[in-house]
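Colleague: If you scroll down you'll find the structure; I have some questions about it.
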Amino acid sequence: MPKQIIIAEQHQIAAVFSEDQIQELVVATGHHQIGDIYLGVVENVLPGIDAAFVNIGDPERNGFIHVTDLGPLRLKRTAAAITELLAPQQKVLVQVMKEPTGTKGPRLTGNITLPGRYVVLMPYGRGVNLSRRIKSESERNRLRALAILIKPAGMGLLVRTEAEGKPEEAIIEDLEVLQKQWEAIQQEAQSTRAPALLNRDDDFIQRVLRDMYGADVNRIVVDSSTGLKRVKQYLQNWSGGQTPQGLLIDHHRDRSPILEYFRINAAIREALKPRVDLPSGGYIIIEPTEALTVIDVNSGSFTRSATARETVLWTNCEAATEIARQLRLRNIAGVIVVDFIDMESRRDQLQVLEHFNKALRADKARPQIAQLTELGLVELTRKRQGQNIYELFGDTCPACGGLGHTVRLPGETENRLPTPAAEVPERFVSLPTREPRLPTARTTEPRETYDGFGEAFENDSDLGALNLINHPSYQELNDNNKRRARTRRSRIGINGTNGKDEQRITANPLAFISESDLDLDGDVELSAPPELPTPNLGKSGWIERAERTKVIKTEPVKPVVEPPEIRTVEMTPEEQDIFALMGISPLIKLEQEVKNPKSVIINIVQPGQTPTIPTEITPEPVAKVTPSVEVNTPKVKLESKSVSVAATEPIKLTETMEESEVNAASTANRRRRRRSSASDSDTGEDS
């Protein structure tokens, strides 16, 4: 079948197309590539596994070489142990046999090979070998005789499949190029300090054409004009100075990148997925593991056959063809196990195996089918040639670490998910406060973190914003609820606490004080929340808390009170009613500004009336509240003095104040009547 070769030299990627499908990828990326020749230094010799580690310049991983791959050293002493062949700090000439994978370093060999277009030179090899794909016996005899004549002394030679039918001059010229290359490597090895890279196929286009070009290729597309010239030059040198007939060489000129235009990137994305759909409706699942690669075949939605036997046979044959292509595309190597759909007929099993073996012949890695097991599994092996597609284009998932799933253990769901604000109990939420403010209680010790809630209390400055008198929790309590609250609080003893009350800790430590527990004239004892029990590994299982209470010392804070400002406003009775009804302050009628509108005394007089300015302000007493909390917790003492209402709250003219003035006037009239009646009665008795 005709093939096309797409070369993206900029990205060092080439693809081989056949029947509008990518059959194979060639990627030349990575620090160590197959065929690289290094001058290495032996680091460690391990006689237990007959191997050694060689430093080839990689600071992270050393190369691995087995005793069977030592090459010229082993040829001299065949039966010797590796400790007699290698020693630490010894210089060795090695070639990369397998690229590094995962935590493993590159596999090295001492059997150096230099591949050419028609022959492969083996400097430390012996004899002459021919490719198995050359079928003609007369051609094999011709090439064998030619190789014996031109083979350098003391070296080996391998004749490739491309040499079939080629003239002798082209084969000899190819061998001479390889001999010059080997001489340059030897000279550089003598003058270079180890470890060092001595040789690499830097010409990506030459490498692709050497390994992939054949008589069945009818089109080559390159992404650069210089690459186009080099392709023509290489092909002319290999064809006696003439461009091969029937071959189209193109330069990609489209605006879209060459990898996107020919859907190479899309094919790579699909190849990284485990599922591959078949044309008939079935599909296969490819799962690589550390030990082997498992491939499962499923019929899927294929129901076009008349019988179940035909459906199974057709699906297995389609799967065999697709599996052979996926092995080349993904470059899967090692042990491979294929689970075809169960077939009862032995004849059908042999037919599928024959079809599978025929599809694998186009693979240059020479996969070998081992056997068909009793469970219906097909076992085969494939030689490793470079990194697979998962190592080249795949990265480990940061979420699962490559497992393919994340772990969710019992009881961890609640800890991972954030708690919605609507589900937080009301007793754990800080409630808003209103004016007036109490003196700030500042403690000398830092607040503790309660492990039961996983959060710490806020700083002490927030205590100054508490309004205990107007707190909603105290407004909702009637007399019965107050008695129940005192009863529950009294259950908290000195040596222990109730389990329920111990868990009901309020986020605000002042929330235990009720309206009747506050004494602004004297000391105020504030109860802190009880501590949670801590587990102990002793005999009793729980330990008594050594220190159950902590005394928090506070210093009294004296508020700075400024005398109120007195302002006189002239207003008619009608204006007073309108301002009171609409809630408008009389201060808007003043032309001068007021320093503090919240601390001012407004003297309202009628127009033309002489204002009477008060000379002294008598502070009103504040209701006293005596604390009666019996909780054995840290206490905070606060000292406060009564503050004039005029200094903390602005005077507001409302309808309520007018009614209070009317009530006061009526009360004074009744007192006068009582006095007058009492005086009349006394006069009557005297008479």
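Note that Cβ sites are derived from N, Cα and C of the backbone, with glycine treated the same way.
A quick note: this is a predicted structure, and the numbers were derived from the prediction, not measured.
Pulled from Swiss-Prot, these are the listed features:
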BINDING   Asp296, Asp339  Mg(2+) binding site
BINDING   Cys397, Cys400  Zn(2+) binding site
DOMAIN    35-117  domain 'S1 motif'
REGION    650-687  region 'Disordered'
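Relative to the rest of the structure, where do these features sit?
Modeller: In this view, Asp339 (Mg(2+) binding site) is surrounded by 17 other Cβ atoms within 10 Å of its Cβ, with every protein chain counted. According to DSSP, Asp339 (Mg(2+) binding site) is assigned to a strand segment.
Around Cys400 (Zn(2+) binding site), the same-chain residues at least 6 positions away in sequence with a Cβ under 8 Å from its Cβ are Thr406.
Here the domain 'S1 motif' (35-117) returns a mean pLDDT of 86 for the predicted model.
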Colleague: Under a three-state reading of DSSP, tell me whether Asp296 (Mg(2+) binding site) is helix, strand or coil.
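Modeller: The three-state answer is strand.
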Colleague: Give me the count of other Cβ atoms within 10 A of the Cβ belonging to Asp296 (Mg(2+) binding site).
Modeller: 17
Colleague: With DSSP helix as H/G/I and strand as E/B, how many residues of the domain 'S1 motif' (35-117) fall in helix, strand and coil?
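Modeller: The breakdown for the domain 'S1 motif' (35-117) reads 12 helix, 34 strand, 37 coil.
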Colleague: Whole-number Å only: compute the distance from the Cα of Asp339 (Mg(2+) binding site) to the Cα of Cys397 (Zn(2+) binding site).
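Modeller: Cys397 (Zn(2+) binding site) has its Cα 28 Å from the Cα of Asp339 (Mg(2+) binding site).
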Colleague: Please report the Cα separation of Asp296 (Mg(2+) binding site) and Cys397 (Zn(2+) binding site) in Å, rounded to an integer.
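Modeller: For Asp296 (Mg(2+) binding site) versus Cys397 (Zn(2+) binding site), the Cα atoms are 24 Å apart.
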Colleague: Do any residues at least six apart in sequence from Cys397 (Zn(2+) binding site), in the same chain, have a Cβ closer than 8 Å to its Cβ, and if so which, in order?
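Modeller: Result: Leu403, Gly404.
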